[in-house]
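Participant: Copying in the features that TrEMBL gives for the protein in this structure:
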- A:Gly13, A:Pro14, A:Ser15, A:Gly16, A:Val17, A:Gly18, A:Lys19, A:Gly20: ATP binding site (BINDING)
- A:6-184: domain 'Guanylate kinase-like' (DOMAIN)
There are 2 protein chains.
Amino acid sequence: MIEQKGILFILSGPSGVGKGTVRKALFEKDTSLQYSISMTTRDKRPGEVEGVDYFYRTKEEFEEMINKGQLLEYAKYVNNYYGTPRQYVEETLEQGKDVFLEIEVQGALQVRENFPEGVFIFLCPPSLDELKNRIINRGTETEQSVMNRLRAAKDEIELMDAYDYVVVNDYIDNAVDKIQAIVASEHCKRERVASEYKKLLEVTQL
Amino acid sequence: MIEQKGILFILSGPSGVGKGTVRKALFEKDTSLQYSISMTTRDKRPGEVEGVDYFYRTKEEFEEMINKGQLLEYAKYVNNYYGTPRQYVEETLEQGKDVFLEIEVQGALQVRENFPEGVFIFLCPPSLDELKNRIINRGTETEQSVMNRLRAAKDEIELMDAYDYVVVNDYIDNAVDKIQAIVASEHCKRERVASEYKKLLEVTQL
């Protein structure tokens, strides 16, 4: 039996493409992945649990972690920090578990800088027309803001060159199947398997 | 809809590992792959069909193809040539169909030289002990020849560094699942998808 470290998979893509929906459908089918737990400075809400929903830290603690490079990525929303702690990811990978991170494009680019050995998957809409329909169907945006979001999406799609894989989100089940195929095939990559396999051979006497 | 060229997949591995069995099981499940048709100088047998079982050529024709670099690999067995014609592979890939080639390690290394854009999958036994059992269970070899084959297998396994993926053939179904995952994920590789996808975006007016 070949022992292997886990792999960090990062799912990203333009806003509106359906990252969250695909991630939920994936986790319903696949229980071998560990969802990456974020760190935040916002207050813990009733029912939330440290280390399950988030790791909760003070603003000072969070900023110290930023300065020490202990976050794979972070961002500030509405005066609170949110980020991905490196230590949690690395410990989970060491246990042989894959970690799965679903994140906005800007965050994914930070992770790419800080953890280039991750596997980066870009989820994209079948077409911009389809993305337009999805944003309009949410019903929360003016015509002008729909156009702004589409232009932003087009810019974000240009960033796909920083990714290892592109999955077109035509149907959720298709996208989930493809992501599962990527996870399985990455574990067969020769770079990951060969050295452990050769160790296994060395102990065999002929 | 993104149009994509087919991909050439090469399955290889040490003699005795079960390449043929895995290939047959794969083709029973997956009808989207086209098996690569070999060229030979041996006589056509009753019931065999040109372009289905083999492409049949004279020795002179075959040697001319060797000299013109029109074979991805070839070998001579019992005074006859066998090889993989480049043209058939390339035409099938152009039609958007994946081509699958199951071949000995030496032939795979030739293909790697002549068609580096192929995806090379190394099938290996769970352990050398297991390979020994498989060879012994065939019941056709003396103890000495079993040891010779095992030593040859160990040398062949050292060649796995020339491959993109390593699939351990513990159970046939597992191995087939992994190969199917590799096929699906290779079609999601950003290098293959990004340029076609961007063309699709350019025609969208915002």
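Cβ coordinates are placed from backbone N, Cα and C, and glycine is handled just like the others.
What TrEMBL says about a protein is an automatic prediction, not a curated fact.
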Participant: Here are some binding-site residues: A:Gly13, A:Pro14, A:Gly16, A:Gly18, A:Gly20. Which one has the most Cβ atoms within 10 Å of its Cβ?
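Facilitator: When each Cβ's neighbours within 10 Å are tallied, A:Gly13 tops the list.
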Participant: Inside 8 A of the center formed by the CB atoms of A:Gly13, A:Pro14, A:Ser15, A:Gly16, A:Val17, A:Gly18, A:Lys19, A:Gly20, which other residues of the chain have their CB, for the recorded ATP site?
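Facilitator: Residues close to the ATP site, other than A:Gly13, A:Pro14, A:Ser15, A:Gly16, A:Val17, A:Gly18, A:Lys19, A:Gly20: A:Leu123, A:Pro125, A:Asn169.
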Participant: Quick check on the binding-site residues A:Ser15, A:Val17, A:Lys19: which one has the highest count of other Cβ atoms within 10 Å of its Cβ?
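Facilitator: When each Cβ's neighbours within 10 Å are tallied, A:Val17 tops the list.
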Participant: Summarise the model's confidence over the domain 'Guanylate kinase-like' (A:6-184) as a mean pLDDT value.
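Facilitator: Over the domain 'Guanylate kinase-like' (A:6-184), the predicted model scores a mean pLDDT of 92.
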